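Okay, structure first, notes after.
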């Protein structure tokens with residue numbers, strides 16, 4: 001439940017459901033990718049982290065490639081975590097603001113500071129126990145919304161509602177979930193979500209420090225591997241359930257779309273709108289929803305702040321600054337407060353960048369691609385060296401930042417699902433509908449005038465960046481004598497890949513014998529730091 005609470009945030013409860021409603025359900029295809037990745041994460045990633053007894057994924061990269069690459073990876077992670085936490089704070093702020101008619105700014109500030117304070121004072125143990133309770137609320141929250149929609153739909157049908165709704169069977173599911181064209185310029189199709197999001201899910205399931213901390217807290221390697229499986233299944237089930245809730249909202253609002261009619265101004269407000277208009281009269285229901293959303297946000301903020309504080313202290317400060325033990329606690333808490341404050345400020349900027357889930361997916365894919373490439377080079381290729389990884393990561397990160405900036409500045413978005421105002425009460429909606437139609441046409445035409453690389457799907461760009469990081473890293477490593485130190489890198493390489501390279505005769509004879517005959521023992525960080533690693 002703690003892993004689930006870290007992965008399914010308020011971005012999922014509020015943003016992902018709204019994304020499904022507006023852009024379709026193609027992200028559900030990524031659930032197949034998640035399940036196929038379970039053996040890879042459990043047999044390749046987790047055993048290496050466990051065997052080395054490292055406290056973070058960045059410490060592993062530091063051991064493998066040196067301090068500079070480790071610090072670079074920390075910088076990528078800093079951007080990822082800050083934006084993920086900021087978007088979660090914004091999503092919760094939208095829900096609270098709409099329910100209590102409070103300014104969005106103050107709702108975001110209160111949510112962000114609440115998570116920051118209790119993490120800084122409680123540490124990781126408080127985060128894990130709180131996450132377990134919040135995980136239950138995360139599962140209950142969308143169930144409440146779905147049950148209410150089903151109840152009201154049955155009641156309206158039996159009593160004859162003043163604003164009738166078309167039957168669910170009238171919905172054409174093809175644009176929602178069955179776009180199968182191989183188009184690299186759109187996010188919402190089967191192949192972009194099934195294949196293009198591969199690197200993003202490798203990061204989320206096996207390389208995100210928030211999740212790795214949960215694996216490291218397991219009692220044994222087998223328990224950690226079991227956590228991967230159970231957490232992935234819960235993630236798939238919860239995402240699928242959010243898709244069901246989204247389709248229920250499609251049935252409820254497709255013929256009187258609240259965004260088109262001007263009832264709401266942000267697509268993330270669609271679930272808070274339903275709760276405010278349909279659940280507020282039932283004691284406890286509205287509060288249950290808000291509890292779920294705020295709990296999900298607190299889970300994300302606490303996990304992100306705790307991970308960032310620990311990572312910066314261990315992987316950036318410790319190698320360069322000798323610190324008295326009595327100051328360690330003060331420094332870590334100060335870092336937690338600082339990162340939480342910055343995360344809250346970033347949340348206030350989200351409305352100016354676009355919808356929460358779109359910003360999240362674009363930024364996550366952009367930053368995770370090079371990070372996954374670096375990690376794969378470390379896990380799978382003992383002949384990859386520091387120079388190769390540094391050059392590859394620098395090039396792909398610069399490319400991703402350039403493309404991401406272009407996407408956000410031009411507002412590149414996928415096509416929206418069909419909605420109307422045909423069944424809204426009253427008849428003064430035709431002007432609004434016509435205006436919205438014209439704006440959609442203008443947006444579609446301007447999309448084709450955008451620079452081609454800015455039109456590249458953010459889902460595909462993450463995978464392409466990861467692959468290019470691996471390829472460039474291997475080429476530069478080969479050109480700069482990467483094979484010279486292969487034997488030193490074997491203890492830091494996955495046993496699965498060592499067996500593969502040994503069978504393919506890609507390791508030299510002594511290295512092959514070492515990889516096949518000697519089981520890789522558990523190593524301590526001090527053991528690795530006694531010998532330099534190129």
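Backbone N, Cα and C define each Cβ position, glycine as well.
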Among ranges 259-277, 316-334, 335-353, whichever one TrEMBL labels transmembrane segment: 335-353
Range annotated as region 'Disordered' - as stated in TrEMBL, picked from 493-513, 514-534: 514-534
Intrachain residues whose Cβ lies under 8 Å of the transmembrane segment (28-50), provided they are six or more past its termini: 57, 60, 177, 190, 193-195, 197-198, 201-202, 205-207, 212, 215-216, 221, 224-225, 228-229, 232-233, 235-236, 239-240, 243, 379-380, 492-497, 522
Listed stretch, out of 71-94, 100-121, 335-353, 388-405, 459-479, that has the most CB pairs under 8 angstroms to the transmembrane segment (359-381): 459-479
Close approaches to the transmembrane segment (228-253) from elsewhere in its chain (Cβ under 8 angstroms; 6 or more beyond its ends): 1, 3-4, 7-8, 12-13, 16-18, 20-21, 25, 27-28, 30-31, 34-35, 37-38, 41-42, 46, 138-139, 142-143, 145-146, 149-150, 152-153, 165, 168, 171, 176, 205-206, 211, 214-215, 270-271, 274, 417, 419
Interface-richest range of 100-121, 335-353, 388-405, 459-479 toward the transmembrane segment (288-314), CB pairs under 8 Å: 100-121
